[in-house]
Amino acid sequence: MLGIGTLAKKVFGTPNDRKIKATRPLVEKINALEEEFLALTDDGLKQKTEELRKRAIDGESLDDLLPEAFANCREGARRTLGLRAFDTQLMSAIFLHQGNISEQKTGEGKTLTATLAAYLNALTGKGVHVVTVNEYLVKRDADWMGKVFASLGLTTGAAVSGMTEEDKRAAYDCDVTYATNNELGFDYLRDNMKSELSQIFQKQHNFAIVDEVDSILIDEARTPLIISGPSQDRSEMYKIVDDVIPLLQESHYELDEKTRNVTFTDEGNEFLEQELHSRGLLEEGLTMYDPESTTIVHHVNQGLRAHKLFQRDKDYIVRDGEVMLIDEFTGRMMSGRRLSDGLHQAIEAKEGCQIQPENVTLASVTFQNYFRLYDKLAGMTGTAETEAEEFAEIYGLGVVVVPTNVPVARVDEDDQVYRSALEKYQAMIEKVKEANAIGQPVLVGTTSIEKSEMLSQMLTEAGIKHNVLNARQHEQEAQIVADAGKFGAVTIATNMAGRGTDIQLGGNVELKVIEALDADPDADPVAIREKIEAEHADEKKKVLDAGGLYVLASERHESRRIDNQLRGRSGRQGDPGRSSFYLSLEDDLMRIFGSERLEKVLTTLGLKEGEAIVHPWVNKSLERAQAKVEGRNFDIRKQLLKFDDVMNDQRKVIFGQRRDIMEAADLQEITADMREQVIDDLIDQFMPPKTYADQWDTQGFQAAVADQLNLDVPVAAWCEEEGVDDEVIRERLVEASENMMAQKAEQFGPESMRNIEKQVLLQAIDGKWRDHLLTLEHLRSVVGFRGYAQRDPLNEYKNESFQLFESMLDSLRTEVTQKLGQIRPMTEEEQQQILSQMQERQAAAQVNAAQAAEDNSEAPASTAAAASGSTAVAGFDENDPSTWGTPARNDECPCGSGKKFKHCHGKLA
Ligand code: ADP
Ligand code: MG
């Protein structure tokens, strides 16, 4: 009997059915245009693009242009690749254009699907980003689909790591740019460390189509992208903290050995406060609970852990003055591995070793927050439906399941459950042998590299030839995966291995077609494809007769989605195939989810040694277990994101300010505002409301004015004057500082002044923001410790990070005002001195450059240099000619190019 819900679906269709149906008229419209576009010449296709572009710019909506654009793109692909987009691909591309995730099964042709939506959206000239999971796919797709775009008169770029700045910029300036999620995120962060608009890669975030979207927006979304660099030397602080820890009494902290957790008691905090005050590490007037103490509290916590949780010769050893960690399972030394967040340094202090500099975050972003930058976002994958809730909640993306071009014929067998892992593996080997005997290709899926290696060994012992993939060498693996559908092939893979490469029965036609087209660009792609397919026909028939690809999985993954990915490798485009999962009670998922109960039930059902039990009930309960894990993981990601969102709001403010500063023609208004704020703050501090002149620290006031405003004015005397109030003092200070800055502006000239202001502002923002990021990291660990019973750590974090942000802005204003107050043109002597320093630095830079070439770190060299904490003197900046004074024409150019000044920046017109 049908339930009401099921019945309603039969009559009215599911919401998904309705969405599919709604696209039909559009698809028909595109199909009706096909004849017309077939008749166009090759140039005609390009002219059509020009026409569509013009109409888009004149205000015609992309929705209205869609039928013609899709028809044009379909024709371009047919001509260049011999691929005529199926109706299901048109449908899917419509959903992409509407900002959805299209679930299209593996082998349905998502790569081609993306071109339709990308082409349409590139017509506005704002650029479209197509995102893939690895660089092999970036190059493959940009090359492959680039032919389609070229036939339509659009440019295609591939942004990959290790490119020169120029090439990278060119790639981003293309109509369509292929890139990995990592590269996009890093380039975004790098963009926000630059000081010239012209250097920016990502001019806008218009539309992104994310391929394998579940992998990128869900699996990889757990780890944020981080650009890090060395921080300044803080060994003194570590040493002071380390002196204090041994003074603690038992009542000062609570130690929980089981969870490896140790926290201070209130008594402990009071004691620390005293000790740290007397040692000058905690400023007078600050308590351990003030946001400004975050960093110290964090390091004291780390010091406590170093002393109470880490034991020498158990958790680490000291060798040659270095602290080396020990792997708790193998007992082996893990050389080169360091604990993060200052914990390693705390142990170094404890052991009296030299304290190594720590690496700190210079910039970071989560994928969630990166991809939310786009005006429109879309995604494709074979498996999205199980995660529909997360896509909707986090990214506002709907999921539409697009029907396959040809019905799926794969048979998904029930799970087989064994008692022990060994029995399971033995049974699997038997299965592989059986299939291999008739030449049926087998793809063995595993959840980890260790397990693939173990299975590989068992297969070798059984005398079965096979390949092992573990998602490390994308390019080679793509070749092997492409062959995984050949007669008699056996391939072991972890779940990400070769993702994005299609397993075609009898071997991959596409790679050969691309090869042939690359070798002979003038050849007719349709004919080439037919020829290669014909060559494959025999081999393909043998595999078809053997039953198609057999996917044999050795475990269920935590997430159903990953299992579905693996299954979906088989049965593409209506091919025969089958899949089965072999499980045991010793599998991780089983152990986590009450295998005891399961074991009881299975024994009742009659599970014997060496035999498997197969029962739909098992599948059901496992799926429930998986749904639970999925839910829990989603919660973890949501929680992480909530923390990142706090920082994200601040990041948006800062990055927005940077942008404004780079774009502004005149910065005097901004710096003048800052100056006035600084003056207001000084007055609030030294002439607090409701106080009298005799209560004011007038000498302190005068000193602060000299220090922060660089003004030599008799503030102290002003304060003694009869009837003087804060308004009068404010006016005088504003006037004096404005006069001073106006004078400086005159000395330098408006153009130079703007440049100086820009440099000072950007450097100050970057420096403060970096420090702030570090403080936020500390705050995150500190709110955990502080969590008093009733307080929500997230709320604490929100409030305190807001306060920290405010005080960062305060000190930013002070720094900018201070620096600008100090600028002055250089004297002859100083110029000479700087020039000789430059020469020394240049010699050193050549050595560094050679080292950097070997060092494969993510952060560009310039970033690392900027991080070393040295803000250039306001008087001189090698990037800013206005600060150079007048170099001699035959001297080396101060910009560091190595050329003579007269041939470089000093060139006359
Ligand atoms: P997916 O990413 O959806 O798994 P791919 O984009 O890798 O699929 O395409 C799989 C295979 O299907 C490729 O070899 C491609 O050439 C082929 N293909 C895609 N679209 C078409 C089409 N319209 N007609 C024929 N073959 C197609
Ligand atoms: Mg793909």
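Placement of Cβ uses the backbone N, Cα and C atoms for every residue, glycine included.
TrEMBL entries are annotated by machine, without manual review.
As recorded in TrEMBL, the features of this protein are as follows:
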{"type": "BINDING", "residues": "Gln89, Gly107, Glu108, Gly109, Lys110, Thr111, Asp502", "note": "ATP binding site"}
{"type": "COMPBIAS", "residues": "847-875", "note": "compositional bias 'Low complexity'"}
{"type": "DOMAIN", "residues": "5-614", "note": "domain 'SecA family profile'"}
{"type": "DOMAIN", "residues": "91-249", "note": "domain 'Helicase ATP-binding'"}
{"type": "DOMAIN", "residues": "424-622", "note": "domain 'Helicase C-terminal'"}
{"type": "REGION", "residues": "847-899", "note": "region 'Disordered'"}
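Feature map: annotations from TrEMBL on the structure.
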{"residue": "Gln89", "record": "ATP binding site", "contacts (Cβ under 8 Å, 6+ apart)": "Gln104, Glu108, Gly109, Leu112, Thr113, Leu116, Asn405"}
{"residue": "Gly107", "record": "ATP binding site", "contacts (Cβ under 8 Å, 6+ apart)": "Asp502, Ile503, Gln504, Gly568, Arg572, Gln573"}
{"residue": "Lys110", "record": "ATP binding site", "contacts (Cβ under 8 Å, 6+ apart)": "Ser92, Ser102, Gln104, Asp211, Met380, Thr381"}
{"residue": "Thr111", "record": "ATP binding site", "contacts (Cβ under 8 Å, 6+ apart)": "Asp141, Trp144, Met145, Asp211"}
Pairwise Cα distance maximum in Å, ATP-binding residues per record: Gln89, Gly107, Glu108, Gly109, Lys110, Thr111, Asp502: 16
Annotated binding-site residues Gln89, Gly107, Glu108, Lys110, Asp502, filtered by Cβ under 6 Å to ligand 2: Lys110
Check: same-chain CB within 8 A of ATP site center, minus Gln89, Gly107, Glu108, Gly109, Lys110, Thr111, Asp502: Gln104, Thr106, Leu112, Thr113
Of Glu108, Asp502 (the binding-site residues), the residue whose Cβ has the fewest other Cβ atoms within 10 Å: Asp502
Three-state secondary structure, which DSSP defines for Thr111 (ATP binding site): helix
Helix, strand or coil at Asp502 (ATP binding site) [DSSP, three-state]: coil
Mean of the pLDDT scores, which run from 0 to 100, over the domain 'Helicase ATP-binding' (91-249): 93
